[in-house]
Amino acid sequence: MIQYEPWKIRCEGREDPKFLETIFSQANGYLGSRCAFYMDGAKAHERCNYLAGGFEYIGPGVTDMVNLSDLFHFQLSLGTGDYLSFSQSLDMGNGLFERKSVWKDKEGRETQIDISRFISMDNKHVSALSLELTALNYSGNAAVFMGIDGKTVNLPVDDDQTKENLDTVSLLSVSETETGEDYCFLKADSKASGRLHVAMTARIFQSKGTAKDASVTDCPAKELNIPLVKGEMVRIEKILYTEAVFKDSEAASKDSEALPEVRQDLRPHVINHSFAKLLKDSEGAWKSRWDQADIQITQKGKDSSIQSALRYNLFQLIQNCPYDNPMVSIGARGLTHGRYKGCCFWDTDIFLLPFYLYTDPQAARDLILFRLNTLPDAKKNAKALNLPGARYPWMCSIGGIEQCQSWDIGRCEIHITADVAYAVENYLKVSGDGTLERQSAQLYVETARYWAGRFSYDQRKDVYNLLFVKGPDEYCGVSGNNAYTVLLARHNLRLALEAVQRKDAEASASEMKRWQDIIEKSQVEYDSDRDLYIQDDNFLRLEAFPGRKTGDGSAAYHQYDFDWLQRYQVIKQADLILLMVLKPEVFTKRQKKAIWDFYEPLTLHDSSLSFGIHAWAAAYLGLEQKASEYFDKSLFLDLEDRMKNTGREGIHLAAVGATWQAVVFGFAGLSLGKSGKPELSPRLPKDWERLSFHFYIKGKRYLAVIDEKGGRIEKEENKKS
């Protein structure tokens with residue numbers, strides 16, 4: 001379905017519109033929009049526009065990411081008919097979406113309809129739409145209804161992936177609208193908490209025709225009467241400016257009453273600015289982003305699909321990052337969908353952070369600051385569970401209060417806390433940022449206090465057990481002593497001990513003694529005959545998996561009940577294999593091979609996070625064929641809808657991040673040597689001739705090149721982060 005060019009993807013035809021709405025989603029880290037149009041029949045909950053950090057309560061303590069008013073709203077009346085041709089494309093170089101079609105009405109009149117739109121990377125508040133109409137075989141009139149639709153609603157998605165919700169909810173209330181000679185204005189406020197206030201102004205310009213006020217309730221709009229002359233193109237432009245105030249944010253206005261006055265400041269942003277000029281400005285900002293993030297692959301032959309698909313993955317990482325805002329993180333689907341209510345998970349710390357850390361250290365710093373800033377909420381989470389210290393939430397939205405509503409995951413998938421500590425250490429080590437060391441040390445200590453309370457001491461055997469836990473493999477059920485969690489928790493405890501010893505944080509002697517005891521006496525099951533770490537206490541007691549997945553690519557939990565799955569030796573996604581690449585120094589070469597040989601055949605890859613990590617691990621172990629196969633699955637996961645849910649759930653950003661890691665850490669073998677300097681251990685797929693990319697370490701920019709001569713790293717002296 002998708003056609004690939006080096007810097008573009010395109011699609012002919014209108015099959016599977018939900019899938020294409022996701023694929024052609026646009027964002028700039030502040031504002032995001034799914035590519036769904038009212039004129040195509042998209043419903044109020046399907047025309048989705050999101051704001052980074054734009055959450056509202058849908059129940060006691062439970063939030064959803066607010067679906068904003070439809071800023072790209074318009075309706076075109078050309079009579080009953082159908083499309084003769086229909087093509088959509090996305091230019092990844094500048095973020096421009098284009099749709100070109102020819103409409104034929106029942107009278108035989110043919111009209112070319114060209115739609116272009118973008119969300120500015122230069123000015124986060126700006127977006128724009130262009131509509132060009134050309135009568136191909138007639139002269140006549142067209143009516144265009146264009147405005148801002150405030151009647152959009154949310155369709156909250158249940159945390160349980162097997163359940164479907166059909167009940168919509170309105171989270172915004174339109175409090176003010178206005179329509180002028182050439183503009184529309186709308187202000188909307190979140191209903192339940194009053195924490196979110198959003199103002200939108202649109203300037204509407206047409207090269208020909210007349211306009212009149214056509215506003216309806218909660219939808220300020222203009223009706224344009226456009227005379228069409230055969231062979232002549234008429235252009236309509238809509239320039240938008242969106243500004244939000246968060247009442248509970250440091251960046252917010254003093255009170256919610258301040259926003260109406262902001263309207264007077266919004267109009268100059270949309271006056272005397274053309275679509276072309278704003279696009280050029282945005283293109284310049286995109287060029288700067290690509291200069292940092294691009295990866296260039298030269299393949300044998302003329303196939304450009306891998307290069308194009310990789311750029312699409314990078315494009316998603318770039319456009320979904322909330323730049324210069326340490327109060328917000330990145331949700332599992334970014335700004336492409338409201339799945340998981342827009343919450344962020346461990347995905348950000350383990351799968352996404354490395355991309356920003358090596359390509360945009362400031363963006364990585366902001367993501368780490370989000371975790372540091374939400375440490376007080378993490379302490380509240382621990383206290384709510386009768387535990388000391390700080391426990392990071394499995395799902396979070398506003399701040400760091402737990403949003404997960406399911407007990408087995410929300411209470412038991414506690415590796416998230418160790419993941420955060422690991423991510424903070426990783427950031428400090430790679431960036432060399434000394435300004436966050438003391439804050440980070442406090443995080444290490446508070447999370448260590450949590451682990452000290454969470455481990456259970458067995459006095460009979462003088463050992464510590466981590467009971468009622470669930471590792472990354474979510475098919476394992478609630479078990480004991482999950483190896484991934486225990487080993488990363490030990491690492492977390494070591495970080496805390498080192499921080500206290502450096503005098504960056506304080507802890508009592510008794511606390512430190514318990515931390516050291518847990519490091520030495522915590523239990524992980526190990527098979528000495530096979531030199532194999534066992535995933536958890538239950539794993540070897542489980543039966544061999546008697547089932548098989550359906551051939552349609554959907555996850556096994558759609559075919560088998562979770563209760564049934566957790567009683568068999570079957571793995572949802574990388575667990576110990578993930579730990580093997582995150583902490584390679586923990587395992588010997590023989591142990592790494594044993595982990596792969598035992599767990600890889602048992603893994604169903606029913607999470608999008610799995611393929612990229614397996615590609616990285618396979619490359620690391622020198623398994624070229626396996627690495628290429630898994631990389632292909634991760635690279636095209638969304639573009640080819642490998643999980644059969646891209647349309648209804650959005651872009652799988654963790655998979656996108658894992659794809660980048662497979663290339664940079666797996667195929668290129670980039671790592672920090674013992675001296676702290678970058679090193680390469682190239683393991684390119686056999687059909688790749690050359691791989692090159694830029695990266696940052698400790699404020700310095702480097703170029704990595706891998707070709708037939710091997711791998712080399714060049715420092716670019718004049719370019720620093």
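Cβ atoms are placed via backbone N, Cα and C, with glycine included.
TrEMBL does not curate its annotations; it predicts them automatically.
Residues annotated as domain 'Glycoside hydrolase family 65 N-terminal' in TrEMBL: 20-240. Averaged across the domain 'Glycoside hydrolase family 65 N-terminal' (20-240), the predicted model reaches a pLDDT of 95.
Summarising the annotation, TrEMBL assigns domain 'Glycoside hydrolase family 65 central catalytic' to 311-661.
Taken from TrEMBL, the feature substrate binding site covers TRP346, ASP347, LYS572, GLN573. For GLN573 (substrate binding site), the count of additional Cβ atoms within 10 Å of its Cβ stands at 23 [all protein chains shown]. According to DSSP, GLN573 (substrate binding site) sits in a coil region rather than a helix or strand.
Annotation comment: TrEMBL describes GLU474 as active site, proton donor. Over all protein chains present, the Cβ of GLU474 (active site, proton donor) has 22 other Cβ atoms lying within 10 Å.
The domain 'Glycoside hydrolase family 65 C-terminal' annotation in TrEMBL covers 675-718.
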Report summary line: As a whole number of Å, the Cα atom of TRP346 (substrate binding site) is distant from the Cα atom of GLU474 (active site, proton donor) by 14
**Report entry** Length of the line joining the Cα atoms of GLN573 (substrate binding site) and GLU474 (active site, proton donor), in Å
**Finding:** 8
Requested in this report: Express the distance between the Cα positions of GLU474 (active site, proton donor) and LYS572 (substrate binding site) as a whole number of Å.
Outcome: 6
Query raised in the report: Restricting to the same chain and to residues at least six past its boundaries, which positions have a Cβ under 8 Å from a Cβ of the domain 'Glycoside hydrolase family 65 C-terminal' (675-718)?
Result: 291-301, 357-361, 430-432, 619-620, 622, 624, 627-628, 631, 663-664, 666-669
Report summary line: Same-chain, non-site residues whose Cβ lies within 8 A of the TRP346, ASP347, LYS572, GLN573 Cβ center for substrate are PHE345, PRO472, GLU474, ALA574, SER607, LEU609, SER610, ALA654
Report task. State the three-class DSSP label for TRP346 (substrate binding site), counting H, G and I as helix, E and B as strand, and everything else as coil. Result -> helix
Query - Nonlocal residues around ASP347 (substrate binding site), in sequence order (Cβ under 8 Å, 6 or more apart) - result: ILE330, ALA332, LEU609, LEU653, ALA654, GLY657
Query - Secondary structure at GLU474 (active site, proton donor), reduced by DSSP to three states - result: coil
